[in-house]
Amino acid sequence: MTAAAEKTNLLGMPKSKLEAFFESLGEKRFRATQILQWIHQRGIDDFDQMSNVSKALREKLKVVAEIRGPEVVYDETSKDGTRKWVMRMDNGNSVETVLIPDGERGTLCVSSQIGCSLDCTFCSTGKRGFNRNLTAAEIIGQVWVARKAFMPFDNGSDRPITNVVMMGMGEPLLNFDNVVDAMNLMMEDLAYGISKRRVTLSTSGVVPALDRLGEVTDVSIAISLHAPNDELRNQLVPLNKKYPISELLAATRRYLSGLPDKRKATIEYTVIEGVNDQPEHARQLVGLLRGLPCKINLIPFNPFPESDFKRPSMNATRRFQTVLNEAGYVTTIRTTRGDDIDAACGQLVGRVEDRTRRSQRYIQVQQVNP
Ligand code: SAH
Ligand code: SF4
């Protein structure tokens, strides 16, 4: 093993872990406060630039620690202002991160895994198979890179990232501890200081992990529902066979009722032509969600080569929305952003050295049925 490999990467450590790290070095806990600010608020990765840290401690840190973010291999801005980064994580693997500016808001869409082990039929990430979980440093590293791109931001006036959604590649609840550490850094005042209402974890429904989440944090949640009954959801989201809709919505209720404030869940519904886009589906959805504090986000399906599904017409999506609106639900249709640079929902694939045989299977199927 090389010396560099033994160094502790401080980038992914939330305050409590940094404090423990400094104590283990025989240093005072308040060093954690200084280091957090240098790393996350000033974007500094060089100990020598940390002017309020003594020279002796800086020398010590250089030996045992490092601040190492992901390597940016692609950075492109779309015609509509959406910016996409491809970040290399290790040999052959990379993930994608997208910043969507919208007026005063800037929403960063962050990845949690290299690929995804779940295999939702409408999702291109799933089709590429799975390699591994991202570390906390690799998750918060995406926010760090994106924020550094807008330096200088130390006077507080330039805050390009106001919201974070864990809606990039991967299922965040299957990488629980690292995602929680990274989200804690997003919300930490000494780091990014984003309100818990503006940090959203999106899940396809890992029910036991959703219950655990409620015990350790109070971020906002988005539930990837996509279908109003189990029969259809089993086809779109295979995880539904393990945790059916009734259990998922019960866990969602438990999570919301455990929050200290009144908040709604976001229900995500990818609308696919001829599959789940009929007014009858919308009526079923209304019945299903009765009594659940939620808003509904309709996402017109974004096509990709390995899928036969089609994007619905805007009329069909609006017709669906009208049924929900008339039943009193706040419903938005997510506009497609950044599709000229493949940054839209469901188009994020990165480069996944697949450990499952799934990607191979889909590519073969495609070659047989082009
Ligand atoms: N694994 C988590 C988070 C990542 S996916 C989850 O499933 O919630 C985030 C969202 O991307 C999903 O809700 C889904 O609606 C959306 N998505 C995936 N593939 C899509 C596609 N081809 N078109 C439109 N939206 C898609
Ligand atoms: Fe994984 Fe989410 Fe894609 Fe399903 S929709 S395959 S859970 S990333």
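Note that Cβ sites are derived from N, Cα and C of the backbone, with glycine treated the same way.
Computed from a predicted structure; not experimentally measured.
Now, the feature entries from TrEMBL:
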- Glu96: active site, proton acceptor (ACT_SITE)
- Cys345: active site, S-methylcysteine intermediate (ACT_SITE)
- Cys116, Cys120, Cys123: [4Fe-4S] cluster binding site (BINDING)
- Gly170, Glu171, Ser202, Ser224, Leu225, His226, Asn302: S-adenosyl-L-methionine binding site (BINDING)
- 102-339: domain 'Radical SAM core' (DOMAIN)
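Sequence-ordered, the extra residues of this chain that approach the [4Fe-4S] cluster site, with Cβ no more than 8 Å from the Cβ center of Cys116, Cys120, Cys123, are Leu118, Asp119, Phe122, Ser124, Thr125, Gly126, Lys127, Glu171, Ser204. Residue with the densest Cβ environment among the binding-site residues Ser202, Ser224: Ser224, by other Cβ atoms within 10 Å.
Taking Glu96, Cys116, Cys123, Cys345 as the recorded positions under consideration, the smallest Cα distance to Glu171 (S-adenosyl-L-methionine binding site) is found for Cys116. Among the recorded positions Glu96, Gly170, His226, the ones whose Cα sits within 10 Å of the Cα of Cys116 ([4Fe-4S] cluster binding site) are Gly170. Taking the Cα atom of each, His226 (S-adenosyl-L-methionine binding site) and Cys120 ([4Fe-4S] cluster binding site) are about 10 angstrom apart. Fewest Cβ neighbours within 10 Å among the recorded positions Glu96, Glu171: that distinction goes to Glu96. For the pair Leu225 (S-adenosyl-L-methionine binding site) and Cys120 ([4Fe-4S] cluster binding site), the C-alpha distance works out to 11 angstrom. On the 0 to 100 pLDDT scale, the domain 'Radical SAM core' (102-339) averages 94 in the predicted structure. With a cut-off of 8 Å between CB atoms and residues at least 6 apart in sequence, the same chain places Gly126, Ser204, Ser224, His226, Leu236, Val237, Pro238, Leu239 near Cys120 ([4Fe-4S] cluster binding site), listed in sequence order.
Cα separation, Ser202 (S-adenosyl-L-methionine binding site) to Cys345 (active site, S-methylcysteine intermediate), rounded: 12 Å. With a CB cut-off of under 6 A applied against ligand 2, none of the binding-site residues Ser202, Leu225, His226, Asn302 are retained. In terms of Cα distance, the recorded positions that sit within 10 Å of Cys123 ([4Fe-4S] cluster binding site) are Asn302, Cys345, chosen from Glu96, Asn302, Cys345.
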